[in-house]
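Colleague: Attaching a single structure in structure tokens format; questions to follow.
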Amino acid sequence: MYSLQVEDIHKRYGSHEVLRGVSLRAGKGDVISIIGSSGSGKSTFLRCVNFLEKPCAGHIRVGDEELRTRPGALGELRAADPRQLQRIRSRLAMVFQHFNLWSHLTVLENVVECPVNVLRMNRDDAVARARHYLAKVGLAEKVERQYPCELSGGQQQRVAIARALAMEPQVMLFDEPTSALDPELVGEVLKVMQQLAEEGRTMVLVTHEMAFARQVSSHVIFLHQGVIEEEGTPDQVFGAPRSERLRQFLAGNLK
């Protein structure tokens, strides 16, 4: 059984088709990197996976459960059962480019919030879980009472990763998690993500970090103008690209 199956996703904005039949399958422990130029549809695809963007067609299955959908008035798909959507989203934790932490909550409360209010965990258990995952991403206890504005960008993104981990999801989705960081802070976030990959966590990430993608991925997808132009193992995609578009992309992005 796959941890995540996404089949034939289409997304349009008016007459502009951003995604044209993109599919992905992730088994337990897979790390799938999605690469491509800006505007290729990478982030839109990831947001369609957990219905932050509503696709116009396609199927999404997490484990043994397929998201039930119905046609919307504007040609998009809508969740047929909001409770099922919430349940599936809780199994698909997402880490965003711009952290998306709650500015009015402390670090600890940011991580505790969803386990308590979505998973209905006992608060004491949620606090213990939050502290466990904050320690896992290298944030000391003294940080937990601070607010996001008091942290560096790298620290904020590590809090966001701890928040995602606290949901103990089946799959973690990363949407360009380092692109908003100063260059000197990128390494600390990539180190945490590499540790997660080495633990066997199932991850789908959109990234511009080509060396990192080559190192940690089990599978790489090159997206171009809303379609999968090429995919394969890291050695195939980075070492022996078949598509001229992929060769051009790598020539401009490999460091």
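Each Cβ is built from the backbone N, Cα and C atoms, and glycine gets one as well.
Pulled from Swiss-Prot, these are the listed features:
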type	residues	note
DOMAIN	4-250	domain 'ABC transporter'
BINDING	S38, G39, G41, K42, S43, T44	ATP binding site
Colleague: Can you check how the pLDDT averages out over the domain 'ABC transporter' (4-250)?
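Modeller: Computed over the domain 'ABC transporter' (4-250), the mean pLDDT is 96 on the 0 to 100 scale.
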Colleague: Taking DSSP as the reference, which of helix, strand or coil describes K42 (ATP binding site)?
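Modeller: In the DSSP reduction, K42 (ATP binding site) maps to helix.
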Colleague: For the binding-site residues listed here (S38, S43, T44), tell me which residue's CB has the most neighbouring CB atoms inside 10 Å.
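Modeller: Per the Cβ count, the most surrounded site is T44.
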Colleague: In the structure shown, which of the binding-site residues G39, G41 has the fewest Cβ neighbours within 10 Å?
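Modeller: Among the binding-site residues G39, G41, the lowest count of other Cβ atoms within 10 Å belongs to G39.
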Colleague: Under 8 Å Cβ-Cβ from K42 (ATP binding site), six or more apart in the same chain: what's there?
Modeller: I34, I35, G36, E176, V206, L223
